[in-house]
Amino acid sequence: MAQTGTDRVKRGMAEMQKGGVIMDVVNAEQAKIAEEAGAVAVMALERVPADIRAAGGVARMADPTIVEEVMNAVSIPVMAKARIGHIVEARVLEALGVDYIDESEVLTPADEEFHLNKNEFTVPFVCGCRDLGEATRRIAEGASMLRTKGEPGTGNIVEAVRHMRKVNAQVRKVVGMSDDELMTEAKNLGAPYELLKEIKAEGRLPVVNFAAGGVATPADAALMMQLGADGVFVGSGIFKSDNPAKFAKAIVEATTHFTDYKLIAELSKELGTAMKGIEISNLLPEQRMQERGW
C-alpha cells in the first residue's frame, strides 16, 4: 500500500508558498529565470496554457524528461500537472519526486465523473475551484492547496476575479450561518457538512487559495492579492511576454508589495508587450477550460 502524508504536513508545505508566485516553465532555462526572479516554485509542463489552447487536441502530462530537467535545474519546489482523474499520471509524477501535483483542468480530463482520491497519495495536490462547493469537494478528496480556475491561457483576469470573489463571499456567508442553515447550505453547495463547520469556526478555508488563470501583468497579480489570494500562479503571462525575465521579477515584486501603487507603476514601465489576450465571450463552450471538473 502506498504511504500517505498527513494533511498537516501537506498543507504546511502549501503554507510555505504563501505570498509568493508560482510560474509555469517548459524547460530548465525558463525554470532558472523563474528562480532568479524570486518564484517560490515552478510548474513543469510541455506547453504553457496559451499554447495548449492554440494547439487543441488532447493535452496530457508532460514528458518525465522535462520534469526531471526542471527538477535538476532549480532548488525551489517543482510542481507538475496531471489530468483530472488520471491515477497513473499522478502516480508517475509522485514516483518522479515532484513536490506538488496539480490535478489540472488545463489538461484534457481523463475522467469526467471522478477526480483523484488525493488522500491516498503521499505527495500533496493543488486543485482549481470556481466556488465554495468545488473548493470543499477538492479539500475532502485530499487537496492541500487551492487556486482559482480563472480561464487559463487567455491573459484575461476577469474569470479569476470572479472565482476569488465568489469563494470569499460564500465563506463570509457560511461564517454567519446557524448550524441548521449550514446543513442546508452543505446540500445546496454539494459541500461536506463537516468542512463547512470548520470554515464557519475558523472564518476561512482550511487550505491556502492562490489566484490562477489569466494573470498577465504586475497589476493583475496585485489585484488578486488585494482580493484575498494567498499567492499567484502565472501560466502563460511570463514566457509569452516580450521580456520574460523582467516580467517575472515585476510580477513577484507586485505580488509582495500589492498595495504600493508607486512601486507597481515603476514595475510596469517599459516592460514590453504583455501576452496577447483573449476576450472570454469569444470562447466557444468547448474552449472554456474552467468548465472541466465538477
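The count begins at 1 with the first shown residue.
Quick reminder: no glycine exception, Cβ is built from N, Cα and C everywhere.
Summarising the annotation, Swiss-Prot assigns active site, schiff-base intermediate with D-ribose 5-phosphate to Lys81. Taken residue by residue with DSSP, Lys81 (active site, schiff-base intermediate with D-ribose 5-phosphate) is part of a strand.
If you look up Swiss-Prot, you'll see Asp24, Gly153, Gly214, Gly235, Ser236 marked as D-ribose 5-phosphate binding site. In the three-state DSSP scheme, Gly153 (D-ribose 5-phosphate binding site) falls into the coil class.
Long-range C-beta contacts of Arg165 (D-glyceraldehyde 3-phosphate binding site), restricted to its own chain and to partners at least six residues apart, with a cutoff below 8 Å, comprise Leu227. Taken from Swiss-Prot, the feature D-glyceraldehyde 3-phosphate binding site applies to Arg165, supported by sequence analysis.
Within the set Asp24, Gly153, Gly214, Gly235, Ser236 that the record links to D-ribose 5-phosphate, no two Cα atoms are more than 13 Å apart, and one pair reaches that distance. Between the C-alpha atoms of Gly153 (D-ribose 5-phosphate binding site) and Lys81 (active site, schiff-base intermediate with D-ribose 5-phosphate), the distance comes to 15 Å.
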